[in-house]
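Lifted from TrEMBL, the feature list:
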{"type": "ACT_SITE", "residues": "102", "note": "active site, tele-AMP-histidine intermediate"}
{"type": "DOMAIN", "residues": "12-116", "note": "domain 'HIT'"}
{"type": "MOTIF", "residues": "100-104", "note": "motif 'Histidine triad motif'"}
C-alpha cells in the first residue's frame with residue numbers, strides 16, 4: 001500500500017484493496033488498484049481507485065493520484081478500445097454510489113444505448129463576457 005495511505009474499515013473499496021473482499025484485479029501500483037466492475041455497463045468496464053481512502057477527488061492528496069490516469073490508459077490500450085469513457089463522480093447528486101474516489105473505464109462498443117455509458121448533455125449557452133468573468137474567477141483561485 002502507498003506510504004501513508006488512509007483506509008476506512010467499513011469501505012468496500014478499502015476492503016478490496018486489503019484483500020478482504022475478492023475482486024477481478026487488473027493492475028496494481030503503489031498508489032492505485034484496478035479491477036473489473038461486477039455490474040458493468042459494457043464488457044471490460046473497469047474501476048481504478050486510489051489506495052488512499054477519500055470520498056471526493058479534492059480530498060485525495062496529489063501524490064496518491066499520480067497513477068490513476070496511467071492505469072486507466074493501460075486498461076483501455078490492453079482492451080484495444082477505440083471508443084470509451086473515463087468517468088469520475090463526486091457526491092450523490094453527481095451519481096457517486098461508493099464513497100471512495102474511483103474512476104471508471106467504460107467501453108462504448110456500439111452507438112446503441114444497450115451497452116456502455118448513456119448520457120444526456122444539457123449544454124448551457126453563456127456569453128463571451130460571462131465566460132471571461134468565470135475564467136478570471138477560477139484562475140484567481142488556482
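Glycine is no exception: its Cβ is also placed from the backbone N, Cα and C atoms.
Predicted automatically and left uncurated, TrEMBL annotations should be read as such.
These numbers come from a predicted model, not from an experiment.
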Would you mind splitting the motif 'Histidine triad motif' (100-104) into helix, strand and coil residue counts from DSSP?
0 helix, 2 strand, 3 coil
Neighbour tally for the residue listed as 'active site, tele-AMP-histidine intermediate', based on other Cβ positions within 10 Å of its Cβ:
21
May I have the DSSP-based helix, strand and coil counts for the residues of the domain 'HIT' (12-116)?
26 helix, 23 strand, 56 coil
